[in-house]
Structures are given as C-alpha cells and as structure tokens.
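The next block holds one structure in the form of structure tokens; read it before the comments.
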Amino acid sequence: MVEMSTGTTNLVRTLDSMDFLKMDRRTFMKAVSALGATAFLGTYQTEIVNALEFAETKLIWIHGSECTGCSESLLNGGNPDVAQALTKLNVNLAYHETLCMQQGIWNDGELVNTSELNSEILLEDLYKEGNYILVVEGSIPNGPDGSGRYLVIGNKTFKETLGEAAKNANAIVAVGACACWGGITSADSDIEKETDYRGVAFKKTDASKGMLKELGIDKPVINIPGCPAHPDWILLTLGAVILGKIKIPDDLPAALDQYGRPKLFFPPDHTVHENCPRRGYYDRGEFDEEVGGEKCLWKLGCKAPYAHADCGIRRWN
C-alpha cells in the first residue's frame, strides 16, 4: 500500500470527486505531479482502463550509445514496476533492445527470416505499420564525416535506424542525458569533432545540431534528461501522452521548457537547491571539501542552484 502525506491525501480526495475523463491538461498534470506514478496509477486505475477501452499503444524503444542506465532506472521503479504500469496503460512494448528475447539473423545456429525471431524484420514491420510512440535512449554519433559509422548495429548505423524509426512515430521521447543532449559522449575532447555525438533534438544546448535536424526530420521531441532519468518522469510523461492529456504538437509549447523538458518535472522558476535536504548547511556556510560528508556539496561541484528539477521533492523511486 502506498503511504501519502496529509496534503497529498486531501488532494486525492478532491481529485477523486472529479471525472478523470473531463480533466483538462492543467488539472491532470497537477495530479500527476502531486501523486507520483504509484499513487496516480492506483487512484485512477479504473478510469484509466475506461479511457483506454481496448485501444493499444505500441511502444518502440531503441538504444544508441549508452549504458542502459535509464532502462535500468525504469526497471528499478518499485511502485508500480514497469510491467504493472505498461499493463495499466495498455501499452504493447513492441521492441526494446535490452528486454527482447534473443533475436538476430541467426538464432541457435539456424538462419531465420521472420519478425518473431529477427529483430531487423520486426522493426521494419513496425515502422511500416506506424502509429507508435518512439523512445530513444542513448546518443547518436554523426561521425566520421557524417556517416554515423561509429555506431553500427547489425548492418545499419544507429543514425539510419533513428531516421527510419522517427518518420512514422506519433510521438518521440528522448530519455536520459545522452539521448537529450549527447551526454558524456559529446563532452569536449580531442576526438569529439571526429565522433560528433548528438542528442535526438539537441547537441548540448544547440537545437540546430540535433540529429533529427541533421536527418531533415521535422518532428517535436519531449526530452526527459537525467543520468539516469527518474522512473516517475518517464512513466508519467508517457502516460500523459498515451492518455491524450498532452496533445502533440498543440500542447507542447505550454508543457515544455526551451530545452524540450516537461515543466512539471523541470520547473523553470524553481531549482534543486531550494528543496535540497542539505540546504541548511549552505545557508550556514558549512561545506564539505571531501567526498563522504553530510554538509553542503557546493565546493565539490554541486550545481543545484542552477539546476531546474524536482529531485529534492521526488527523491528516488
């Protein structure tokens, strides 16, 4: 059972008297923010089922250059776990490179050419069918020389894979710092110009160098950064899109900040610093200068005064 604070309990009672299907976007997002994934999916389970009826949402999750940390973060979400959430939201996880069963051109020594056993054929079929949400985890190399060949999976560069997957997607969600900005792979180095790693819609903070722009694909992208991204951020953003509470592209200018992040989780007018549990040490000028202490981490490189996210309130899982 999920334990909720008095304030949250009161909000649940207020929202419980409302018709879920008639909630506007603002009310929906307020409920999502206050309750978190666990309480929200639990409170509105029946209404969610009614809203979705028998409609099924296909989800394609592709991986570029990354550590799979965001997928692991999602899998580590305890209440609800990812299987429960996908079931409640009636999501068909049609493809996820890490979670799919063994697939390839060869399977147990036998050549296979069906979508059930060959992931390349499966993806091609899914792309043709369209009507899916695309999730991208990991950065995309453009190098060397624009070829994208620093990451080849099967017989395709990941740059090609992204282009094919993005064309018929109903919505595109970039999960994690790598998919959003290029992540650690795009950090300044002697080889960065050669590898040229990019995010889906941005390279660092430059929207003109996102990989979709490079590919000539003009589609909006919802960015959920983090290293790794919080399970709530992922599940609740996908839930809002699936349930039609965020209509793409009409609602995105109001729902997202200048970097494509949901303002709900990355509030422009609040920083991590404001709700940091170590804030009192900062106010008293008490700083740790070695790793492992309990005081303010400012002198160790903490950027909370400049970072906009709800980490201090949401914590983890």
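Just so it is clear, glycine is given a Cβ too, placed from its N, Cα and C backbone atoms.
Here's what TrEMBL has on this protein:
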- C67, C70, C178, C227: [4Fe-4S] cluster 1 binding site (BINDING)
- 67-240: domain 'NADH:ubiquinone oxidoreductase-like 20kDa subunit' (DOMAIN)
- 270-317: domain 'Cytochrome-c3 hydrogenase C-terminal' (DOMAIN)
- H273, C276, C296, C302: [4Fe-4S] cluster 2 binding site (BINDING)
- C311: [3Fe-4S] cluster binding site (BINDING)
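Neighbouring residues of the recorded [4Fe-4S] cluster 2 site, listed in sequence order and excluding H273, C276, C296, C302, comprise V272, R278, R279, Y282, L297, W298, A304, P305 (Cβ within 8 Å of the Cβ centroid).
Per Cα geometry, C311 is the residue among the binding-site residues H273, C276, C311 nearest to C227 ([4Fe-4S] cluster 1 binding site). The DSSP breakdown of the domain 'Cytochrome-c3 hydrogenase C-terminal' (270-317), given as helix, strand and coil counts, is 16 helix, 2 strand, 30 coil. A distance of 13 Å separates the Cα atom of C302 ([4Fe-4S] cluster 2 binding site) from that of the residue listed as '[3Fe-4S] cluster binding site'. Taking the centroid of the Cβ atoms of C67, C70, C178, C227 as the [4Fe-4S] cluster 1 site, the other same-chain residues with Cβ within 8 Å of it are E66, T68, G69, E137, G138, G176, A177, A179, G183, G226, P228, A229. Considering other CB atoms within 10 Å as the measure, the emptiest surroundings among the binding-site residues C70, C276, C296 are those of C276. Mean pLDDT for the domain 'Cytochrome-c3 hydrogenase C-terminal' (270-317) in this predicted model: 92. Here the candidates are the binding-site residues H273, C276, C296, C311, and by Cα distance the one nearest C67 ([4Fe-4S] cluster 1 binding site) turns out to be C311. Within the same chain, residues at least 6 positions away in sequence whose Cβ sits under 8 Å from that of H273 ([4Fe-4S] cluster 2 binding site) are R279, Y282, A304, P305, A307. Most Cβ neighbours within 10 Å among the binding-site residues C67, C178, C227, C302, C311: this distinction goes to C178. For C276 ([4Fe-4S] cluster 2 binding site), the binding-site residues whose C-alpha atoms fall inside a 10 Å radius of its own C-alpha are C311, out of C70, C178, C311. In the three-state DSSP classification, C227 ([4Fe-4S] cluster 1 binding site) falls within coil.
The CA atom of the residue listed as '[3Fe-4S] cluster binding site' is located 16 Å away from the CA atom of C70 ([4Fe-4S] cluster 1 binding site).
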